[in-house]
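According to TrEMBL, the protein has these features:
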type: TRANSMEM; residues: 36-59; note: transmembrane segment
type: TRANSMEM; residues: 71-91; note: transmembrane segment
type: TRANSMEM; residues: 112-131; note: transmembrane segment
type: TRANSMEM; residues: 164-183; note: transmembrane segment
type: TRANSMEM; residues: 195-214; note: transmembrane segment
type: TRANSMEM; residues: 234-254; note: transmembrane segment
type: TRANSMEM; residues: 275-299; note: transmembrane segment
type: TRANSMEM; residues: 329-350; note: transmembrane segment
type: TRANSMEM; residues: 388-410; note: transmembrane segment
type: TRANSMEM; residues: 416-435; note: transmembrane segment
type: TRANSMEM; residues: 447-471; note: transmembrane segment
type: TRANSMEM; residues: 483-502; note: transmembrane segment
């Protein structure tokens, strides 16, 4: 990778990112206060290894167990970095809040720009809403488990909140996130940096404290080589099991497009935006592996951790924390405190996710792509897209409502969080290595001669996981065990394509400039 010599700073904006924004045809409407640290913090706190690993640790244990988690993490991490590097290169050339959909428009050529922009934009924004939904709902479920353990546990008469209470938790969390995101960007910057620090310190505390406190620890051989094939899903192929176990890693390493969506509020965005993307992925890979190792060294009995009859009701990591402290001190209160550390990390992950959602909605409506675009594009006196903030929170609440009828239906909804978002990541990269291969003009950060090769690796990886994560996760396949991911993602594609053919192709012309004069 290389860094080109930066263009002269813009006289009005004071940085090269603002100069580039004006060159692309946009006036500055959002306050440019974010440093490279703040930009990184938003992506890092959305990736939030404490959130993703904790939420899907059950999946990792069920499909392959320790071996899949410890080595699969680096498989997913390495390919995710190819996606991040390609996105960073494009971000350096086009530092706008629109991010992915704007990139697709510029890289696909005039003929295809409107359609490419429309498809990418809707996959991106719906994927982001699904991320917020899954993050905040997982926090609501964790709160349910914390209450259960605090009141005696599943085997001690503890209180298990109903699905209606859980959805109420989810609504309250979203309400608080919308309120925080209504504050000036300086406050969001502070919370973002605090969230990044909390995630970093939280990982180190938990990876050291939990295995240290545990009276029985797993051997290094178990942590690095034990492959769990007992998944109660009727799947016996080791390769198939390993592939399904990768979902924990890939779901965790998602959301780093936030750095791109925050570029219009970032100083020297054509440099600092790419740094935010790459550093968030790289640091997450390192600290995430440490977290996996620390927790897995406290794992002994996988079937018991996954059993709904344990004190945590089958929530594996919660049971690991609880048992570690209970076996040492006779009380699981220390484990509950550890869960509190994770809960705070998940809370800030959701907060940053709403921030990213709102900036994407702001940019997409600025270009007239959303219903009532003039409403969502408005900014308040603090230069915050306030209506887009509350829209994002409302839609994320609505996307969680299917959980009241069926968790299977809800899981189909949030499957878009991984596959849908990665499809949006891959589309501009695909255009960069095909239609724009000969005329792409790199920004200060670029991959040089490796750009096309890295781009193809990224596109092929996204195509691979789209297929793999759409495969059945249980046999025999019934309406209750069907993997609804292809249904959800395919349904989204049909809706977006239909809206294009029936309406949008007649009026949506792709990103439009708003620079006067």
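Positions of Cβ are set from backbone N, Cα and C atoms, glycine also.
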Open item on the list: I need to check the long-range neighbours of the transmembrane segment (234-254): which residues 6 or more away from its ends have a CB within less than 8 Å of a CB in the stretch?
Closed with: 46-49, 51-53, 55-57, 59-60, 62-65, 68-69, 72-73, 75-77, 80, 131, 227-228, 281, 284-285, 288, 417-418, 421-422, 465, 468-469, 471, 473-476
Open item on the list: Counting CB pairs under 8 Å, which listed stretch among 71-91, 164-183, 195-214, 329-350, 483-502 touches the transmembrane segment (447-471) the most?
Closed with: 71-91
TODO: Examine the transmembrane segment (388-410) against the transmembrane segment (112-131) and state whether at least 3 Cβ pairs sit under 8 A, considering only residue pairs 6 or more apart.
DONE: yes
Open item on the list: If you count every Cβ pair below 8 Å, which range out of 112-131, 164-183, 329-350 shares the most with the transmembrane segment (416-435)?
Closed with: 112-131
TODO: Could you check if the transmembrane segment (36-59) is in contact with the transmembrane segment (195-214), meaning 3+ Cβ pairs under 8 Å among residue pairs at least 6 apart in sequence?
DONE: yes
- [ ] Answer yes if the transmembrane segment (71-91) and the transmembrane segment (329-350) have at least three CB pairs under 8 Å among residue pairs 6 or more apart in sequence, and no otherwise.
- [x] no
- [ ] Determine which recorded stretch among 164-183, 195-214, 275-299 has the most C-beta pairs below 8 angstroms with the transmembrane segment (329-350).
- [x] 195-214
